[in-house]
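Structure first, commentary second.
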Amino acid sequence: MEHTYQYSWIIPFIPLPVPILLGVGLLLFPTATKNLRRTWSFLSIFLLSIVMIFSLYLSIQQIIISCIHQNVWSWTINNDLSFEFGYFIDPLSCIMVILITTVGIFVLIYSDNYMSHDQGYLRFFAYMGFFNTSMLGLVTSSNLIQIYFFWELVGMCSYLLIGFWFTRPIAANACQKAFVTNRVGDFGLLLGILGLYWVTGSFEFQDLFEIFNNLILNNRVNLLFLTLCAFLFFMGPIAKSAQFPLHVWLPDAMEGPTPISALIHAATMVAAGIFLVARLLPLFIVIPSIMYIISLIGIITILLGATLALAQKDIKRGLAYSTMSQLGYMMLALGMGSYRSALFHLITHAYSKALLFLGSGSIIHSMEALVGYSPDKSQNMILMGGLTKHVPITKTAFLLGTLSLCGIPPLACFWSKDEILNDSLLFSPIFAIIACSTAGLTAFYMFRIYLLTFEGHLNTYFLNYSGKKSSSVYSISLWGKEDGKKINRNFCLVPLLTMNNKKGASFFSKKTYQINNNVRNQTLITVANCALNKKIYYYPHESDNTILFPMLVLLLFTLFIGAIGIPLNQEGFNILSKLFTPSINLLHKNSTNFVDWYEFFRNATFSVSIAFFGIFIAYWLYKPFYSSLLNLTLLNSFQKWSSNPSCWEKLINCVYNWSYNRGYIDTFYKKSLTESIRRLAKQINFFDKRIIDGITNGVGITSFFVGEFTKYIGGSRISSYLFLYLSYVSLFFLFLKILN
């Protein structure tokens, strides 16, 4: 066993050869490197598979032996300061390595097809390899210095991947926004690390926990200062895990390729903040005020993320706000001290959300044949609908992922979310009410996404999205704000469906399209005859097998991964508790695992009822519009049974505007911070150029003119120079005499 652990240091470096070789190859042998492009994807998958197998073996050993292994080497040694580096293998590290590698492998397989058209294919795999190395290094680090080093590398990789299509201004702005927002959190993290070192004198986790607990128990340190250091440290996870108020970067990060959203913004990078809080939880747990702040940030993020997801039209942004809300559940669990529940939900959510993001990528891939390659169109749920018969495999996978996130048994997220809801009932009634209500909102907005995408009829060909103009009720579209200027009202589906096309349709026409310097060979189905005398890209199609295979495997994880947390006997034994035994004993040394099955079924029935209520509301509000093809609006539906429609108008309009405008938080930051900083920068620039540079240039110009004037007076005669010199010296001495 010891012989196996001594090779754990190599885990972060196994995926590293791919980005290094790609960089060297593109620099020295660009043609040969590009010709072997598929080889690089295979090599990336192979190397990450090695890490996955190794991590699975370590996890099995953890379950059997239940131990923590650490090995460090000294970097610098002196009397005052000592830096060490090494690796730290415990259940948390094993779980995170398995998550990173399993999701990473399937995302790489998916990306091989999804990114095949892109000229940045090799650059994409180089970034992905470097990102995997950074994440693996982060979760196996043995001290805070290593964690901060890999933490920054993860941030850099996310910046590169979010701005992968940097020629698009929106993507460039999104990666800058993510970078700047995370800088705020990372600055707090650095200050927190330095503060903890100043108090304890150590960066190593084991020493840090022991010294910190002794200082608290013996009352030998200022508790207020410790609380400040812990809060500054917590700012890093707030930004990285998109918690309020540093969550604003996550929806804009969807401008990157969809595989990036599945890997970084579902399973790995945003989970890094949860991982860091879980790693330092023995430190936080002795400061009650910090635990309350963590839980408060979590509950605010839960509610905020759910409400902001209600009116999103972009399918990926809707899933992004869902991710934000679910990360809030994990943070709430950590703030309540529910270590096991938080990590259990981290596992189940990672696989379910990765499945949903890959499913959204398959949907976008199929919609591009109809609406083009603009994200504003291919990701817009306004233009979707009726995709069930066109992409049945994607639909099934997406539906099961949606049901899992809603908390429907026996899917994965049901087991973990139910634990968090039960723990919240014991922690705070107010928090429990908010958490349970948000569970219903989660079911509502997730089924809203599903119904808008797959049910009804293909909305691309609809003439009117917003309802009847003559309606007496204030009209709010189910799909979002009315924007008549962008709707092509000359495009009609009726001639296409009723025409007698004797020539027939031409299938599988090979055409090449140029998108932002990226060439894609796409098979389209075109119609040769139409009343509009234009070619119409007909219906979506199912994705290729290399896109569907990762989704189906993640679907299996979504179905069965929850079993690791299901009690197997009356004593509550399960695989997850056995794996987390060392960490659980550290937090709750006298805890018991007895299971009350009656209480479990009662609480489960309550949480499932809330989820089904949210699903029913979503189905009731959205499904009839597709089944009957009636051109109604949301408020018109309320008018059928509401005796006072004006109240509903104001309420729904208020909720819609709040959600559509992102809670006005982005606007607040723009007005109060961005514009203020820009005005300050302009004033500083003016002061620098006009005042600072003006003084410097003025001295030079003055010296020049004084010299010219002196030369003119002297007339190039030595006697004149001597006379002026003596005159100045005499005046100087006279001035000194007057002063004395």
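Cβ coordinates come from backbone N, Cα and C, glycine included.
The list of residues near the transmembrane segment (9-29) in space but at least 6 beyond its ends in sequence, with Cβ under 8 angstroms from a Cβ of it, reads 40, 43-44, 47-48, 50-51, 54-55, 71, 86-87, 97, 122, 125-127, 129-130, 132-134, 136-137, 140, 150. Here Swiss-Prot flags 9-29 (among others) as transmembrane segment.
Here Swiss-Prot flags 40-60 (among others) as transmembrane segment, drawing on sequence analysis.
According to Swiss-Prot, the transmembrane segment annotation covers 89-109 (among others).
The list of residues near the transmembrane segment (125-145) in space but at least 6 beyond its ends in sequence, with Cβ under 8 angstroms from a Cβ of it, reads 8, 11-16, 18-19, 22-23, 40-41, 44, 47-48, 51, 70-72, 83-89, 92-93, 96-97, 100-101, 104, 107-108, 111, 151, 153-154, 156-158, 160-161, 164, 193, 196-197, 203-205, 208, 263-264, 268-269, 272, 275. As annotated by Swiss-Prot, transmembrane segment applies to 125-145 (among others).
Annotation comment: Swiss-Prot describes 147-167 (among others) as transmembrane segment, evidence class sequence analysis.
As annotated by Swiss-Prot, transmembrane segment applies to 185-205 (among others).
Taken from Swiss-Prot, the feature transmembrane segment applies to 258-278 (among others). Sequence-distant neighbours of the transmembrane segment (258-278) (same chain, 6+ residues past either end, Cβ-Cβ under 8 Å): 92, 96, 99-100, 103-104, 107, 110-111, 114-115, 128, 131, 135, 138-139, 147, 151, 154, 158, 161-162, 164, 234, 236-243, 250, 284, 294, 316, 319-320, 323, 327, 330-331, 334, 339, 342-343, 346, 349-351, 353-354, 356-358, 360-361, 364.
Residues 196, 208-209, 212-213, 216, 223, 226-227, 230-231, 234, 238, 242-244, 247, 277, 324-325, 327-337, 427-428, 431, 434-435, 437-438, 587 of the same chain, all 6+ positions outside the transmembrane segment (283-303), place their C-beta atoms under 8 angstroms from a C-beta of that stretch. If you look up Swiss-Prot, you'll see 283-303 (among others) marked as transmembrane segment.
Under the heading transmembrane segment, Swiss-Prot lists 327-347 (among others), citing sequence analysis as support.
Remote same-chain residues near the transmembrane segment (396-416) are listed as 322, 326, 341, 344-345, 347-349, 351-353, 355-356, 359-360, 363, 439, 442-443, 446-447, 449-450, 453-454, 551-552, 554-555, 557-562, 565-566, 604, 607-608, 611-612, 614-615 (criterion: CB distance under 8 Å, separation of at least six residues from the stretch ends). Marked as transmembrane segment by Swiss-Prot on the basis of sequence analysis: 396-416 (among others).
Summarising the annotation, Swiss-Prot assigns transmembrane segment to 425-445 (among others) and lists sequence analysis as the type of evidence. Beyond the ends of the transmembrane segment (425-445), by six or more residues, the same chain brings 295, 299, 302-303, 306-307, 309-310, 318, 321-322, 325-326, 329, 332, 336, 405-407, 417, 603, 606-607, 610-615, 617-618 to within a C-beta distance below 8 angstroms of the stretch.
Beyond the transmembrane segment (718-738), the same-chain residues lying 6 or more positions past its ends with a Cβ under 8 Å from any Cβ of the stretch are 710. Annotation comment: Swiss-Prot describes 718-738 (among others) as transmembrane segment.
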Does the transmembrane segment (327-347) reach the transmembrane segment (40-60), going by 3 or more CB pairs under 8 Å (6 or more apart in sequence)? no
